[in-house]
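These features come from TrEMBL:
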BINDING   G92, Q93, T94, G95, S96, G97, K98, T99  ATP binding site
COMPBIAS  154-164  compositional bias 'Basic residues'
DOMAIN    6-345  domain 'Kinesin motor'
REGION    148-182  region 'Disordered'
Amino acid sequence: MTLRGNMRVFCRLRPGTGADAFNAQTGTVGDLRVRAPASKTVDGRDEAAKVLHFKFDYVFPDDARQCDVFDEVQGLVQSALDGHNVCIFAYGQTGSGKTHTMSNHTGADPGIIPRALELILREHSQKPRLSLLEIYNEELRDLLAPVSADSQGKRSRNAGKRKAASSAAAPKLRIRIDPKRGKPQLQGLSEVAISSAAHARDLLQRAEDSRMVARTNANERSSRSHVVLTLALDHADSNTTSSIHLVDLAGSERIAHAGSDRSAKQLKEQCSINTSLVALKNALRALATQQTHIPFRDSKLTYLLQDALESQTCKTLMLCNLSQDSENIPESLNTLRFASQVLQN
Ligand SMILES: Nc1ncnc2c1ncn2[C@@H]1O[C@H](COP(=O)(O)OP(=O)(O)OP(=O)(O)O)[C@@H](O)[C@H]1O
């Protein structure tokens, strides 16, 4: 625990057809046993079915409610209110419940983002400043950029392609080194001071409309980009600003699982996603094990979050979402291996 510092890994099981293969132990909150089916190794050998045992900081069983998840996460939001930087990442294959866990801002049972916003609006004396961007194929786009009249016209003429058109209209952003501090910094990102929960909901909906989505085998409306929501909190008493980054990562499925009818564009998307997820794992692992070199520059995501992640008191949570559907067990095991590697020294 001491070695890991401020890094935590939680897992959440999504209800599914193969639930009997998963056993989240009650009593020891971070224990998860998974019955891995018999399989073939990459070099063609038969591997017998076996039970694999994983240990994390917390495992949410498939009947955990959104409020149960927030109960375990709200301490981090409180830390941001107290002046610390906080990063929360939702990781998992397409359809495993990342967006449900993080957002669900229009549903009856809201996720972490709307609940965190509500807590911050209630507890913080100054208006939080919200920004939202997506990283698609290693390009950064501002999801709250004002939409031009031209792209609005395009949207109404072509409702079927609305999301891709609006995302294409959003300006690309560049990361530059701040000459004063020598740290990477985003230039030109829109930031909106939030006045109420309803105001925040409107902005989240606007961002949702701008997201790049594409059809994949695993989930027809799968999101192929990372979405980074940042709330900047100014602290008048200390004249400082802390930030909380809530990141809904793109689906992590392996290329081999994706199916042969994928287009070249979709394969490129998945390669870009996987490269950036590996970069994130390597950076978090290097941070957790206090390495002297942290490979932030290996992806836009880690480079963008470098300032927050490397601050002495940054608190980081990787929230891994697992599908329990029988056909997804190999992919869920990959997610569990990824999550374990973040904590390995
Ligand atoms: N814990 C849960 N309980 C009930 N339904 C859930 C749960 N988690 C996810 N779902 C449902 O499963 C579906 C897929 O979830 P979601 O869109 O959150 O997946 P995702 O991991 O964000 O996928 P993508 O990578 O495509 O964005 C949604 O219909 C969602 O409402």
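A Cβ is built for glycine as well, from the same backbone N, Cα and C atoms used for every other residue.
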Annotated binding-site residues Q93, T94, K98, T99, filtered by Cβ under 6 Å to ligand 1:
T94, K98, T99
When the number of other CB atoms within 10 A of each residue's CB is tallied over all shown chains, which of the binding-site residues Q93, T94, S96, T99 has the maximum?
S96
Site of maximum Cβ density within 10 Å, from binding-site residues G92, G95:
G92
Local Cβ density at K98 (ATP binding site) - other Cβ atoms counted within 10 Å:
28
When you measure from the Cβ of G97 (ATP binding site), which residues in the chain that are at least 6 apart have a Cβ under 8 Å away?
R12, R14, N321, S323
Mean predicted confidence [pLDDT] for the domain 'Kinesin motor' (6-345):
84
